[in-house]
Amino acid sequence: MDQGPKPSELLGTRATFFLTRVRPGNVWSASDFTIDSNSLHVSLFTPANAVIGHYILKIEISQGQGHSVTYPLGTFILLFNPWSPEDDVYLPSEILLQEYVMQDYGFVYKGHERFITSWPWNYGQFEEDIIDICFEILNKSLHYLKNPAKDCSQRNDVVYVCRVVSAMINSNDDNGVLQGNWSEDYSEGVSPLEWNGSVAILRQWSARGGQPVKYGQCWVFASVMCTVMRCLGVPTRVVSNFRSAHNVDRNLTIDTYYDRNAEMLSTQKRDKIWNFHVWNECWMIRKDLPPGYNGWQVLDPTPQQTSSGLFCCGPASVKAIREGDVHLAYDTPFVYAEVNADEVIWLLRDGQAQEILAHNTSSIGKEISTKMVGSDQHQSITSSYKYPEGSPEERAVFMKASRKMLAPQRASSPFLDLLESGGLRDEPAQLQLHLARIPEWGQDLQLLLRIRRVPDSTHPQGPIGLVVRFCAQALLHGGGTRKPLWRHTVRVNLDFGKETQWPLLLPYSNYRSKLTDEKLIRVSGIAEVEETGRSMLVLKDISLEPPHLSIEVSERAEVGKALRVHVTLTNTLLVALSSCTMVLEGSGLVNGQITKDLGTLVAGHTLQIQLDLYPTKAGPRQLQVLISSNEVKEIKGYKDIFVTAAGAP
């Protein structure tokens, strides 16, 4: 029997074994065979350390006197086996296996930690051609192109395979699957917001000979990697980290800057805080690490930084991240910083950082979320990544990781000394911004400023005067901002122990044409104490809700029979939605995608679409619907549908 990337290429494993009545153990063997008049029935057993891939199965029949004849029996594909206790990806829970291997749809969680939105996604790992495309991805990797035999021989190592896939999902080093784009100009391809699932992306990549598909961002990269890894037999899930740090210089601090008018300023530094970032976790044994680090491992296919010369990340043990063991492979310091870095906010005067407005030890790594097992709801797994914020354990782990990560740079740092000394200054007032109601795109935004006078070291009980300057800016996915779209100034006198409230109005006309497709606004306020000149900062990030669509089915779903689907969208905005298009997708429900042009939806009007689907697979299914327009790119909905087998009662 021969193994290789294709049945015709004899690379990797070659195993010869006899038919036996009893299985000999964790080796290649053929046993439990029966022979009738015309055929041989046999069970083939593979060792847990066999390489994954395509195999050719042959039978050799001895004819005596040293003569034999060989017949090809066919081909098969060997995958990782998470049901086998001997496999490195063994997961001892059938419920979890159904969720993390067999489930071919799910959710990505986006938005803001206080406004988490569910984004349905069609993984489609069991679609007819996807498994071949997955091995095509492996066979186009730089590792395979450099040394095919060596690459194939390492495909029994799940750590190795994960790193290869992580590098191949992006196209920074190779002809990977997706080309990233964070420029907001998607005219040469598809906006990352307009993908419903992985199948169309993988098929396009394969059909065009490995030409990268345009375009992806973190949730697209991670969702496609989830498809590939589940297809290869590795339990995998998609994880969202809200306010995710990108700490290039490894100092575990991210600096952001504001001027006295509360405008968030751009910086030449590569460090940033993503509004959210999405990666994968794969379940495996880590034989390359000391005991205690098995289980979920972070893999990140988004091209943020290189690892061993390629744009890939992980696997990094989640347990190692929680304990601050940043010396362990792979890329653990980078992932640790993504969920644990501190944020230092500076006030700039005359181009110089002159005052620390805030040192936030708990603003990064919020609401780390994944799909709840057996549910459409999201589940917070933050406690898997770190101890409770502000707890002695969390700060102890942070100091442990800081010393290890800063050691190559210098033995101590002023900021590390500041952390150990116990923090920064006290403030003479507490400022909070609240929203009066759930914010919807197309509506005026009503906010409420609350200010309470509290004692501080400079003015323990006396009254103070405040000048609060507000600024609103479109918030970019990468954490930066556009130019201000709204400014406002408030003057307040505060007596000790008193609280005042001040209403603020941000009109729709100010932000209508100023936001990105993700519809996020940062409202910043800097309060200057007139008596001392000291400044205080208040922030509010606002995620605007798009209109909601509904999906209904009129009868029981059955394989091969027409299923009437009703899609309804009411334009609750003050403006028309122009150039509307609808895309439907769902494995077992739709063959590929269904696309319809819907024209213009006038403000206040309702759009109703009816169409028939013909399910092809029984069992639980999910229909994903995306309606996109020039004004709002992502109006998404889904419908869980259970499909019965043809003729079932």
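Backbone N, Cα and C define each Cβ position, glycine as well.
Database features, via TrEMBL:
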type     : residues                       : note
DOMAIN   : 210-303                        : domain 'Transglutaminase-like'
ACT_SITE : Cys218                         : active site
ACT_SITE : His277                         : active site
ACT_SITE : Asp300                         : active site
BINDING  : Asn340, Asp342, Glu389, Glu394 : Ca(2+) binding site
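Feature annotations (TrEMBL) mapped to structure.
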residue : record              : CB count, 10 Å
Cys218  : active site         : 26
His277  : active site         : 26
Asp300  : active site         : 31
Asn340  : Ca(2+) binding site : 26
Asp342  : Ca(2+) binding site : 22
Glu389  : Ca(2+) binding site : 15
Glu394  : Ca(2+) binding site : 18
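Among the active-site residues listed here, namely Cys218, His277, Asp300, His277 has its C-alpha nearest to that of Glu389 (Ca(2+) binding site). Within 10 Å of the Cα of Cys218 (active site), the following recorded positions from the list His277, Asp300, Asp342 place their own Cα: His277, Asp300. Mapped onto DSSP classes, the domain 'Transglutaminase-like' (210-303) shows 14 helix, 40 strand, 40 coil. For the pair formed by Asn340 (Ca(2+) binding site) and Asp300 (active site), distance between Cα atoms is given as 17 Å, rounded to the nearest Å. Surrounding the centroid of the Cβ atoms of Asn340, Asp342, Glu389, Glu394, where the record places Ca(2+), the chain contributes additional residues within 8 Å, namely Thr361, Ser362, Ile364, Gly365, Lys386, Gly390, Arg395, Phe398. Rounded to a whole value, the Cα-Cα separation of Asp300 (active site) and His277 (active site) is 10 Å. For the pair His277 (active site) and Glu394 (Ca(2+) binding site), the Cα-Cα distance reads 22 Å.
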